[in-house]
Amino acid sequence: MADQVKEKTLEETSTWAVAVVCFVLLLISIVIEKLIHKIGSWFKKKNKKALYEALEKVKAELMLMGFISLLLTIGQGYISNICIPKNIAASMHPCSASEEARKYGKKDVPKEDEEENLRRKLLQLVDSLIPRRSLATKGYDKCAEKGKVAFVSAYGMHQLHIFIFVLAVCHVIYCIVTYALGKTKMRRWKKWEEETKTIEYQYSHDPERFRFARDTSFGRRHLSFWSKSTITLWIVCFFRQFFRSVTKVDYLTLRHGFIMAHLAPGSDARFDFRKYIQRSLEEDFKTIVEINPVIWFIAVLFLLTNTNGLNSYLWLPFIPFIVILIVGTKLQVIITKLGLRIQEKGDVVKGTPLVQPGDHFFWFGRPRFILFLIHLVLFTNAFQLAFFVWSTYEFGLKNCFHESRVDVIIRISIGLLVQILCSYVTLPLYALVTQMGSKMKPTVFNERVATALKSWHHTAKKNIKHGRTSESTTPFSSRPTTPTHGSSPIHLLRNAPHKRSRSVDESFANSFSPRNSDFDSWDPESQHETAETSNSNHRSRFGEEESEKKFVSSSVELPPGPGQIRTQHEISTISLRDFSFKR
């Protein structure tokens with residue numbers, strides 16, 4: 001160690017070299033910061049609040065990487081000075097003793113009784129024998145003077161620093177690619193959604209038509225002999241996920257069941273189910289892109305699996321593969337069980353088969369648990385990719401972490417297979433089936449309506465806290481007192497009560513609920529400017545109006561033909577005399 005050449009300090013380094021390094025680092029950092037800012041501005045412009053929040057989580061993750069980098073830089077000197085006995089340091093190595101001896105310059109393998117005493121001394125020669133890296137700190141090994149080994153060397157800390165950064169970057173990129181590919185497959189749903197607004201769809205889905213449940217398109221797909229046995233049900237659903245995992249009949253049937261369970265009668269032709277799914281998926285993407293403490297703990301456990309002799313390449317890559325197959329099968333089973341529940345209520349159905357959503361179809365009664373499993377799969381697969389990239393960069397293609405070609409082939413092939421399954425099979429299936437829970441998600445409202453609701457809710461809670469009455473505070477307090485057909489949820493109300501004794505808050509709560517509101521088309525902001533100029537005049541004339549205006553559902557207009565064709569639900573007419581936001 002006496003012949004070891006110490007590295008230069010900044011006192012011995014040219015100032016122009018230091019300036020060039022600082023300039024390059026600052027330039028790269030500024031470009032990345034501006035790029036992230038531009039992406040965030042584009043998300044705001046396109047009203048992609050969920051994706052903007054996901055971007056904020058990515059920025060928080062990068063900030064966490066900065067803190068880890070700072071701690072590693074500051075603490076590597078202190079950690080490398082922690083000395084442990086050689087017999088403890090000789091356990092759980094990625095390389096075998098013979099491979100370490102060959103790789104680090106020892107021609108013959110030491111005897112078994114001398115192996116523990118000599119093995120760690122070989123590692124002390126790494127920096128002088130391998131020219132591809134320089135030591136991260138200057139000086140010498142203080143632990144060698146004591147006959148011990150450093151807990152983690154300074155150069156080992158530097159390599160760990162690089163791995164954590166690669167892991168975070170690979171995870172974010174992997175999630176973005178998976179989300180983009182999944183949305184690409186879901187584009188075909190737009191055509192199915194538009195079909196529900198056509199006259200042909202109303203003819204083919206006559207609500208007065210009686211059929212056997214097995215004779216419907218949904219019944220022929222799910223109600224068969226194999227669905228009677230749990231074993232055959234899981235076997236068929238396992239293979240079904242690989243071939244047309246989401247079909248048109250499944251989409252339309254689950255869409256109809258969601259609308260009937262959560263929305264107002266007659267909303268079938270107006271509600272855009274595909275946009276609701278898209279908003280929900282964007283909301284879930286915020287969770288997927290984040291690396292929470294549980295996921296970080298799993299990453300630490302994965303690092304322990306690289307010990308020589310565990311052969312982690314034979315089982316670790318298959319964990320995400322098996323989990324994603326089980327999740328895909330479970331989602332298919334849920335769709336089939338929804339169909340079986342229809343048959344349990346009777347062999348004959350009227351109109352479109354009506355599925356009834358419920359949390360009991362999901363594991364532990366929690367639809368969000370499936371999202372956690374998908375998150376775990378994405379991270380595990382990203383971990384495999386990041387570790388392969390990092391180990392190849394640091395030690396070459398053939399190293400102690402993947403010694404054989406079989407290891408490399410398994411890691412790459414399984415990783416690509418999981419990527420395809422998660423993007424094109426499981427993610428679209430998850431986005432559709434998880435809407436079959438007992439509760440609908442807040443994303444059922446568009447961005448502006450959700451903002452108005454939150455603002456009103458905050459104001460109402462504030463008034464209650466101060467003991468005020470909420471009579472003067474409603475979501476319409478800055479809106480027209482009598483909203484028009486296009487800006488109010490009135491036209492979705494059915495069988496409105498004829499009593500005027502209802503309070504302002506009660507009438508609003510019932511009319512503004514998702515079941516009784518035009519949540520997807522009502523835009524309070526678009527009506528605000530008009531309301532400012534006409535609000536006072538309209539209030540003075542409101543009590544003197546004698547004519548009645550009738551509001552009817554106009555979303556589906558069928559042409560006259562031989563015989564009257566009824567839509568799925570009838571909307572009763574409502575008079576302004578019978579409904580009012582005032583007492």
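Here the Cβ of each residue, glycine as well, is placed from N, Cα and C on the backbone.
Membrane topology taken from Swiss-Prot puts Ala54 and Trp456 on a shared side.
The stretch from 62-82, 162-182, 315-335, 412-432 with the most CB pairs below 8 A to the transmembrane segment (285-305) is 162-182.
Between the transmembrane segment (62-82) and the stretches 16-36, 162-182, 369-389, 412-432, Cβ pairs under 8 Å are most numerous for 162-182. If you count C-beta pairs under 8 angstroms between the transmembrane segment (412-432) and each of 16-36, 315-335, 369-389, the highest count goes to 315-335. Residue counts of the topological domain 'Extracellular' (390-411) by helix, strand and coil are 13 helix, 0 strand, 9 coil (DSSP-based).
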